[in-house]
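Asks: Please find one structure pasted underneath; my questions will follow.
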């Protein structure tokens, strides 16, 4: 029988529910259990694909091509699993499915209501997360906070799950903030008490509290919360601020969190062996060397817009025994006049993905600087497209070369819309999304990075591609297309072989990076940056 764990939040949002859920997932996986995890987002968007990164951080893409919340990146990196379309559910997605069924007459004339139709659809997503992955445990995080009007159908579905599958197969974990009032010199439990009261009013009694706090709460505070919130004292778990998020699973294990969960759910599983994870964390905290990477982007004010890129760089730093110092460079501020001084200290330069005109000329200046000064450079998605445009302008001397996305009237559309995208009008969910194969050129830097594999599979998120009408001109000047689709139609990876490392990929390598296994192209880039720093 599959076990279901539901993680809710109270008092404030952005309290770290995703990290708590991911940490628990890692602990249970290391006990030998098969774990999957999903995020319920109460917003009305179908998915975050059309949302501004300033609103929601990065968009994370799954193997099966679903645009999802950035928390799924945490889940995959912590637990080292690949999630699917059932791992991110929004209000918009559920309501659109229910309304589509109503239009088809599938409800046989019934009045369509929140209960049972919306809640049944939500429960179906929870159960499908289990059946499609054959998991022992499903962890479901509910976004937002208890008391939000948008969350009510989600919480009702969670309440009903207990009756559907039995109390021994369901566990509710509530995460809250434990504020410290400096003037009073004490921690305040009242916000947590009220949050639990609100949750209980909706029919859910939490079995465990996870309290986010800057300082240790002490047993007295835990006993007080246990008494007022009707949970066992040992089931009040502290989520202390830490130097690195990968410390959280170890802190949770030290408090017996996973054992309490297993006892409640009657899971007979051996203790989690966290030796390898602990060694990884110890290494992260004791890196002696530092490598400076300039990240040239348009959303640099919000670091979460590049969360997977940052994590992939850190993983690659770990693989190369170096800490990564990220220099956040606003592409809007880069010009031909200041690019050299602004990037002079960079050991390597990364130009990540993005959409739209703003910042593209600054990114092109950064790419040109990297090429002309032989600074290791990695381009990703739009970064790959701009790498091609920079080469066209300054090596092939195709003045005005551009992307048809950025300049529909350009004489030299180096980047053009994909053929199967021409007649698509909707923006959301219509990009080339998900896992696709890439055939690597033997002897190339890309092939070397991937251990000379013939084909790799990586996740994509784009609508435009390199215009192959210009391929011969590029190749005549030493530009190498080192990764292509199996049918040779799409140019996936480009590079200049005479440089230390000047490689750009149309796909998003960062989605495949894990703390214990850095993504190979990122790792090769960081290796080159480390060498460049010497």
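Just so it is clear, glycine is given a Cβ too, placed from its N, Cα and C backbone atoms.
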Asks: Determine which of 13, 14, 403 appears in Swiss-Prot for the same CTP site as 148, 149, 150, 188, 189, 190, 191, 192, 193, 224.
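Replies: Candidate in the recorded CTP site: 13.
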Asks: Out of 69, 71, 80, which does Swiss-Prot tie to the same ATP site as 14, 15, 16, 17, 18, 19?
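Replies: Matched candidate out of 69, 71, 80, per Swiss-Prot for ATP with 14, 15, 16, 17, 18, 19: 71.
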Asks: Would you identify which residue of 25, 348, 354, 434 Swiss-Prot lists as part of the L-glutamine site it also attributes to 54, 382, 383, 384, 385, 405, 463?
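Replies: Among 25, 348, 354, 434, only 354 appears alongside 54, 382, 383, 384, 385, 405, 463 as L-glutamine-binding in Swiss-Prot.
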Asks: Counting other CB atoms within 10 A of each CB, which of the recorded positions 15, 19, 381, 384 comes out lowest?
Replies: 15
Asks: Counting other CB atoms within 10 A of each CB, which of the binding-site residues 13, 189, 385 comes out lowest?
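Replies: Counting other Cβ atoms within 10 Å of each of the binding-site residues 13, 189, 385, the minimum falls on 13.
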Asks: Ranking the binding-site residues 14, 192, 193 by other Cβ atoms within 10 Å, which is at the bottom?
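Replies: Each of the binding-site residues 14, 192, 193 was scored; lowest Cβ tally within 10 Å is 14.
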Asks: Does DSSP give residue 141 (Mg(2+) binding site) helix, strand or coil?
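Replies: Where residue 141 (Mg(2+) binding site) sits, the three-state DSSP reduction gives strand.
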Asks: For residue 189 (UTP binding site), find which of the binding-site residues 14, 16, 17, 19, 149, 384 come within 10 Å, Cα to Cα.
Replies: none
Asks: Record lists 13, 148, 149, 150, 188, 189, 190, 191, 192, 193, 224 as binding CTP; longest Cα-Cα distance in Å?
Replies: 31
